[in-house]
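Below is one structure, written out as structure tokens; the observations come after it.
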Amino acid sequence: MEVRHNWTHAQVRELMEMPFMDLLFEAQQVHRQYHPKNYVQVSTLLSIKTGACPEDCKYCPQSARYQTDVEKERLMEVERVLDAAQKAKNAGSTRFCMGAAWKNPKERDMPLLTDMIKGVKDMGLETCMTLGMLTPEQAKQLASAGLDYYNHNLDTSPEYYGNIITTRTYQDRLDTLSHVRDAGMKICSGGIIGMGESANDRAGLLVELANLPTHPESVPINMLVKVKGTPLETAEEVDPFDFIRLIAVARIMMPTSAVRLSAGRENMNEQMQTLCFMAGANSIFYGCKLLTTPNPSEDKDMQLFNKLGINSQQVSQKPDEITENELLDRVVESVAARPTKDDLFYDASL
């Protein structure tokens with residue numbers, strides 16, 4: 001499989017409609033051509049500024065426009081961020097991601113953000129941030145501080161985007177990705193499944209990502225976590241097989257990228273996660289919570305890895321002795337209703 005940047009909707013739909021086993025087989029072949037087998041990269045995500053976001057993303061409990069249980073918090077102190085990063089490293093994460101609920105960062109915050117980046121880098125961890133839209137100059141400042149990855153999701157197809165967000169355009173998102181790439185950073189960009197979009201919209205999202213001049217180094221595929229108070233709290237459940245298919249198609253279309261299981265993994269049982277790994281997912285967020293929604297505990301992750309013979313990629317420096325199990329103690333407590341296991345997939349133990 002060669003790396004391509006000229007995918008059409010018709011070609012993607014053809015992949016999506018392949019027999020399930022054939023699709024997973026092809027995706028796993030592509031995966032092994034470009035990536036080590038049985039290895040998964042592990043990241044930890046910390047909300048460094050929570051709530052009161054002025055945007056209207058219909059899926060997000062951090063929007064100031066919706067009545068959710070998320071309480072707003074100021075930008076976290078640098079020392080607390082570094083403390084959380086050290087705990088994440090101790091628990092086995094290789095990349096530390098910092099997220100702020102902003103439309104875009106203010107200039108007054110840039111020195112604090114660059115201090116966070118430098119401090120985390122000094123620990124031997126890779127760094128990632130998601131701060132909203134960036135100007136070219138802000139992207140250069142973050143890159144100069146040593147930021148490895150910048151996350152800015154496209155969320156969905158251009159055609160469906162206006163049904164989800166109106167406070168920034170699709171082109172705004174593409175422009176930020178261009179600024180990030182021009183500054184020399186790696187891109188983390190994906191989308192969310194389960195917001196009422198059609199199969200064509202899911203194909204359209206992957207076409208946009210795969211036809212970028214350079215594929216994102218990391219492609220997070222999120223399954224919507226429905227949060228009370230947001231406009232999407234009653235969205236229809238995602239069929240697990242459809243989600244797994246999308247993981248496989250993303251792997252085939254972007255063979256060199258890391259495909260990450262991101263938000264929604266708390267609502268996937270072991271069998272579903274296993275098929276996602278078979279389909280080519282090779283990166284996860286580890287333990288505790290993703291910004292304001294739950295994530296499987298690190299113990300459960302390691303138990304599953306042991307069952308499957310998966311090894312998480314190690315940090316570049318030897319982790320210190322683990323003294324605490326609690327990570328990300330500043331993240332807002334869960335506000336998402338968790339579906340039951342039976343609603344999500346079959347139980348292989350029966």
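Yeah, the Cβs are placed from backbone N, Cα and C, and that goes for glycine too.
Annotation comment: Swiss-Prot describes 38-256 as domain 'Radical SAM core', evidence class sequence analysis. The [4Fe-4S] cluster binding site annotation in Swiss-Prot covers Cys53, Cys57, Cys60 and is backed by sequence analysis. What Swiss-Prot lists as [2Fe-2S] cluster binding site is Cys97, Cys128, Cys188, Arg260.
For the pair Cys60 ([4Fe-4S] cluster binding site) and Cys188 ([2Fe-2S] cluster binding site), the Cα-Cα distance reads 19 Å. Highlighted in sequence order, Ser43, Leu45, Arg95, Thr130, Tyr149, Asn151, Ser218, Pro220, Phe285 have their Cβ within 8 Å of the centre of the Cβ atoms of Cys97, Cys128, Cys188, Arg260, the residues recorded for [2Fe-2S] cluster, and are not part of that set. Taking only the Cα positions, the spacing between Cys57 ([4Fe-4S] cluster binding site) and Cys188 ([2Fe-2S] cluster binding site) is 19 angstrom. The highest number of surrounding Cβ atoms within 10 Å, among the binding-site residues Cys57, Cys188, is found at Cys188.
Neighbour density around each Cβ, counted as other Cβ atoms within 10 Å, peaks among the binding-site residues Cys53, Cys97 at Cys97. The [4Fe-4S] cluster site is set by Cys53, Cys57, Cys60; from the centre of their CB atoms, other residues of the chain with a CB within 8 Å are Glu55, Asp56, Tyr59, Pro61, Gln62, Ser63, Ala101.
Reduced to three states, the DSSP call for Cys128 ([2Fe-2S] cluster binding site) is strand.
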